[in-house]
Amino acid sequence: MELSSVLLTTGSSVGFFRLVNTGFRNLPTPESARRNAWKWRNISASFVHSGITAIWAVLCFFLHPQMAEDLIETHSVFSHALVSFSIGYFIYDFLDMVMNQKLSQSWELLFHHVVVITCFGLSVLSCRYVGFAVVALLVEINSVFLHLRQMLRMAGNAVGTLYRVNSIVNLGTYVVFRINTLAWMTRWLVLNRDNVPLLAYTLGSVGMAIMTAMNIVLFCRLLRSDFLKSSTRETKKEKEM
């Protein structure tokens, strides 16, 4: 893709998610989520991005399997467009949070978005490491269930079979597609140290370290919130009986 195509795809993505946000504004909002309607729309747009990107990333490797053998140089227009599309989403989400949320509440995600936009931006502009970026986007498979969890909680459905099943799938996909994927990417970066320029290697290493730390913290929070607390409550009920 040429620079003009990258800018068009990225800009169109920003506009698309802006329209998605507006669409959710016009749809009925669950009563329990109305006290923070902005967050409901923001998470809903993130859910849409996760669903689209998860399918798109898998298709990239299915339609162009040779990209898995060379994550540096080999890529397709389809995969290049995916990374450009995701840059647009992260730009949209960054601006949405800056305009609607306090910095003290969003600085972690804002920092995450800056790292992703920088890494993905260098990838699409140089047409290198596109395959590596697509591997990174496989984490969106987990994000589908992560965002659905947030939406269920905001809608007041944090109990019942649907929430419980989603919690289990969320934790399972978290380990497989988020923690394991980041571990594999870190290992790949170390093994290919001689093939990666110092700047890209440094940026990638720092990015991986930050993402890994953030994901471990979030995993512990999910585990404590959805499983350990419920187990504690059940134990207390048994003692009371």
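Placement of Cβ uses the backbone N, Cα and C atoms for every residue, glycine included.
The domain 'TLC' annotation in TrEMBL covers 35-231.
What TrEMBL records for 45-65 (among others) is transmembrane segment. If one looks beyond the transmembrane segment (45-65) by at least 6 residues along the same chain, the residues whose Cβ comes under 8 Å of a Cβ in the stretch are 17, 20-21, 24, 74-76, 78-79, 82, 85-86, 89, 92-93, 96, 134, 137-138, 140-141, 143-144, 146-148, 151.
Using a Cβ-Cβ cut-off under 8 Å and counting only residues 6 or more beyond its ends in the same chain, the transmembrane segment (77-95) has close neighbours at 1, 5-6, 9-14, 16-18, 42, 45-46, 49, 52-53, 56-57, 59-60, 63-64, 67, 109-110, 113-114, 116-117, 120-121, 123-124, 127, 130-131, 133-134, 137. Look at TrEMBL and you will find 77-95 (among others) tagged as transmembrane segment.
Marked as transmembrane segment by TrEMBL: 168-186 (among others). Within the chain carrying the transmembrane segment (168-186), a Cβ under 8 angstroms from the stretch's Cβ atoms is held by residues 132, 135-136, 138-139, 141-142, 145-146, 148-149, 205, 208, 211-212, 215-216, 219, 222-223, 226-227, all 6 or more beyond its ends.
What TrEMBL lists as transmembrane segment is 198-223 (among others).
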Across the domain 'TLC' (35-231), what is the average pLDDT of the model, as a whole number?
91
